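**Student:** One structure is given below, represented as structure tokens, and several questions about it will come after.
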Amino acid sequence: ADVSMSFSQDMDDEYEKLIRRMNPPRVVIDNDSCKNATVIRVDSANEYGILLEVVQILTDLNLTITKAYISSDGGWFMDVFNVTDQDGNKVTDEVVLDYIQKSLGPEACFSTPMRTIGVTPSTESTVIELTGCDRPGLLSELTAVLTHLRCSVLNAEVWTHNTRAAAVMQVTTDDSTGCAISDPERLSRIKNLLRNVLKGSNTPREAKTVLSHGEVHTDRRLHQMMFEDRDYEHRAVVDDDSSIQDERQRPDVCVDNWLDKDYSVVTVRCKDRPKLLFDTVCTLTDMQYVVFHGSVDTEGTEAYQEYYVRHIDGSPVKSEAEKQRVIQCLEAAINRRVSEGLKLELCTTDRVGLLSNVTRIFRENSLTVTRAEVKTKGGKALNTFYVSDASGYSIDAKTIDSIRQTIGQTILKVKNNPEEQQQRQKPPSQESPTRFLFGGLFKSKSFVNFGLVRSYS
């Protein structure tokens, strides 16, 4: 059975390569037609998941997608993206532009398959995937165990949402070799001890630990892990004030069926932030929905997205239960990466036990980590933490000063104001849930707006 599956996969890959050779992807990068953004047009033979691949490549380059037009009816895929760098300027770096051209253009189909772009190779490290119940001090406990087990964390990303936590960590041995952990007995011990920490006490939900040496795209895996963990299911909230605040921050997601065309129209309206498009497209793809048409726009601090979708089996959303599930899953995908709390950045020479020590200091000062990104590069630790008070109160400035003095004023820096984090987003105004595409999806001016010079039938 394994041989036949392998043969079938090889045949699919060869067929995919043949289609790409016959219809090589075309990429046009235009820095002239739009005054405040670089316009990237991608034309290619259509295949399932290609939209996510393209968005993933642009997102991994830390580009901001300010507008997008998506069309993939029939056998041809045609997307247009208006992008800027992190400072809101056009993309002029020749290295970045060349990478986009090679990653999305004709060369991609003959060398590296598009699906591996942006994936972190981990042959020299061990990947640990963790899922469990969130609680104050969890990251501190996990990193303390890893330090005790003589593991060094190279890279890690931690998300928390709806009482659940997920993490993807790349670890090595903490000795001079700094290699992947291969001893089965040691791997088993790591797995069991981490699972025990994740279980905590009085938690009815299962805790998961998975160890591997494969390749992983961290953001994609975190979405998949939290989706599998059903973090999108609503939990009971005891605090009425918190409930009201959650409602105000909740994204406005609608799903309607356009019966004439057998599409379901999914619209998203929420506060804009980096990687928002990746998060929604990733979730629709993982739920096995195909985006046939779409429009993305940002106005000030708000983002608007509209997708015309069908399930991979060709049908639109078929029931109220399915509709609610799509809404819940998209809300969860958007909220997982919402940066609640005070942003702290740590930059110092990496050393054994650094992450464990820093998170222990947070815990001892009653701070809980809501999201974390840990990186090591050239012997330097570059870590970002979003922290909040474990009791739900605003963070005392004296507490932050004390922590900075303990860790080092020049090493740990505050990147935003605690008062800014207290401001809650106003509820979005009500507008037609299909104001983009119903109004002009199939009109030629839609192409003009995105700097598209010519279209293909």
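Glycine residues also receive a Cβ, built from the backbone N, Cα and C atoms like all the rest.
What you see is a predicted model, and the numbers here were worked out from it, not measured in a lab.
Not my notes, these are from TrEMBL:
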- 39-118: domain 'ACT' (DOMAIN)
- 127-205: domain 'ACT' (DOMAIN)
- 343-422: domain 'ACT' (DOMAIN)
**Student:** List the helix, strand and coil residue totals of the domain 'ACT' (39-118) as derived from DSSP.
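**Tutor:** Going through the domain 'ACT' (39-118) residue by residue, I get 30 helix, 24 strand, 26 coil.
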**Student:** Sort the residues of the domain 'ACT' (127-205) into helix, strand and coil with DSSP and give the three counts.
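**Tutor:** Taking each residue of the domain 'ACT' (127-205) in turn, the totals are 27 helix, 28 strand, 24 coil.
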**Student:** For the domain 'ACT' (343-422), jot down how many residues DSSP puts in helix, in strand and in coil.
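**Tutor:** In the domain 'ACT' (343-422), the DSSP-based counts are 27 helix, 31 strand, 22 coil.
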